[in-house]
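Residues or ranges marked as N6-acetyllysine by Swiss-Prot: 3, 12, 29, 173, 180, 182, 185 (among others). Under the heading cysteine sulfonic acid (-SO3H), Swiss-Prot lists 23, 106 (among others), citing similarity to another entry as support. Marked as motif 'Nuclear localization signal (NLS) 1' by Swiss-Prot on the basis of similarity to another entry: 27-43. Positions annotated as phosphothreonine by Swiss-Prot: 51. The annotation region 'LPS binding (Lipid A)' is assigned in Swiss-Prot to 80-96 on the grounds of similarity to another entry. According to Swiss-Prot, the feature compositional bias 'Basic and acidic residues' maps to 83-94, 162-179. The annotation region 'Cytokine-stimulating activity' is assigned in Swiss-Prot to 89-108 on the grounds of similarity to another entry. The phosphoserine annotation in Swiss-Prot covers 100 (among others) and is backed by similarity to another entry. Positions annotated as ADP-ribosylserine by Swiss-Prot: 181.
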């Protein structure tokens, strides 16, 4: 595979990624000619991050927020080259893919493993979780599989409604109504004034749906 589009906006970085970048720059200044053991370096960064106060982390969190805003702004104006037109900017309001049974299992046991073995790397933690899952009896896996199936079913309904109407919560109002809304929108696309009115209505709908979710 070749390199991606060089004009594509650089991906957004997390607060921890900014912290690691800063650590790397500090290390280079102190030891410009020394080679870096990535595994050992990552471990030290992780340990240092855990001991930092919320105030100390705040600087990096602000950097991450600013970078996220930059990324979203650039992606709105980014036009992918031919052949990549299907790769659209990921809508933050789109329904999130449901976790697998194994992922749910990991979410529950990862904190326990980290607590018992604080020195383990991310890779080692993942390996240990994989071994635990493989050694778990089918009956014990069942609750995770059942929950994952329910989440998958909900996701399929939400994504169908989202694709029809363009809103993640449209399933509450039904897919049929969502399709009517889409048709209405297409008919009004040529009339700018009506299109503006429709956008205002959509915003009101979203606010109402968010209120429903909060209840």
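Every residue, even glycine, has its Cβ placed from backbone N, Cα and C.
Overlay of Swiss-Prot feature records on the structure.
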residue	record	Cβ within 10 Å
12	N6-acetyllysine	17
23	cysteine sulfonic acid (-SO3H)	16
29	N6-acetyllysine	8
51	phosphothreonine	7
100	phosphoserine	14
106	cysteine sulfonic acid (-SO3H)	19
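DSSP assigns residue 12 (N6-acetyllysine) to coil in the three-state reduction, placing it in neither a helix nor a strand.
Taking the motif 'Nuclear localization signal (NLS) 1' (27-43) as a whole, pLDDT averages 81 in the prediction.
The modified residues recorded for this entry are 12, 23, 29, 51, 100, and the Cα of 100 lies nearest to that of residue 106 (cysteine sulfonic acid (-SO3H)). Reported as a whole number, the C-alpha separation between residue 51 (phosphothreonine) and residue 23 (cysteine sulfonic acid (-SO3H)) equals 15 Å.
Among the modified residues listed here, namely 12, 23, 100, 23 has its C-alpha nearest to that of residue 29 (N6-acetyllysine).
Outside the motif 'Nuclear localization signal (NLS) 1' (27-43) by six or more residues, the chain places 20, 119, 121-122 with a CB less than 8 A from a CB of the stretch.
A Cα-Cα distance of 18 Å separates residue 12 (N6-acetyllysine) from residue 23 (cysteine sulfonic acid (-SO3H)). Under the three-state DSSP scheme, residue 100 (phosphoserine) falls in the coil class.
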